[in-house]
Amino acid sequence: MSSLREIILDTETTGLDPKGGHRIVEIGAIEMVNKVLTGRHFHFYLNPERDMPFEAYRIHGISGEFLKDKPLFHTIADDFLEFIADSKLVIHNAPFDVKFLNHELSLLKRAEIKLLELEHAIDTLVMARSMFPGSKYSLDALCKRFKVDNSGRQLHGALKDAALLAEVYVELTGGRQSAFKMLDKAAKINNLSYNRLDSQAHRNIPVIKPTKEELQKHKEFLSRVLKQA
């Protein structure tokens, strides 16, 4: 049984539509293998080369002044594409983030770079609407439904929101216990012991059986992200 690598992703932007000149100002992506966070993540604030509208600032609290010395998207594009590799992207309201990411990639004007395909992304907003018709589907609402602690989320933040979405996604797909049962079964089938993920070998990931220590690190990683973001 092979391991399932997924990337939980979120972005913050200067506005609602890249066609209006809006850009990405923050990317947060977290690696999850068999529904367990590995601790590997990709996070950058980005200089959008434009002003920050007040409407956007009210949502995420990221100012134009703060972003002045941050890298441009083209300087981190290759690292971003290497991090997500061919893994499934898990996004809340995927069309929004994919639209902005593809706009940024298209600005690079590099033929070898393939744009992201929306149909290959897992949209947790669509999942929630299907599972709970008539309910509220915001990330905050889903955190409340699944008792995910989002008390530190006064403002939006890409890495912080990706960490919360990771917990919500696990619940949407059967819950933590379901994920652990899958890992135990995989470990028995393959007779493999736990191996730490190597940042240079994420394309060939070993099956992971989570230990008590790893589960504690999983919780500590989420706590650290929510406090720092």
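We number each residue from 1, going along the chain as drawn.
Cβ atoms are placed via backbone N, Cα and C, with glycine included.
Under the DSSP three-state reduction, E55 (substrate binding site) is assigned to helix. Counting only same-chain residues at least 6 apart in sequence, those with a Cβ under 8 Å from the Cβ of E55 (substrate binding site) are G15. Summarising the annotation, Swiss-Prot assigns substrate binding site to D10, E12, E55, H60, D161 and lists similarity to another entry as the type of evidence.
In the structure as shown, the Cβ atom of D10 (substrate binding site) sits within 10 Å of 26 other Cβ atoms. For the recorded site, D10 (substrate binding site), the DSSP three-state label reads strand. According to Swiss-Prot, the divalent metal cation 2 binding site annotation covers D10, on the basis of similarity to another entry.
According to Swiss-Prot, the divalent metal cation 1 binding site annotation covers D10, E12, D161, on the basis of similarity to another entry.
Within its own chain, H156 (active site, proton acceptor) has E12, I59, H60 as residues 6 or more apart in sequence whose C-beta sits under 8 angstroms from its own. As annotated by Swiss-Prot, active site, proton acceptor applies to H156, with the evidence given as similarity to another entry.
Local packing around the binding-site residues E12, D161 was summarised as the count of other Cβ atoms within 10 Å of each Cβ; on this measure the leading residue is D161.
The Cβ of H60 (substrate binding site) has 19 neighbouring Cβ atoms from other residues within 10 Å, across all protein chains displayed.
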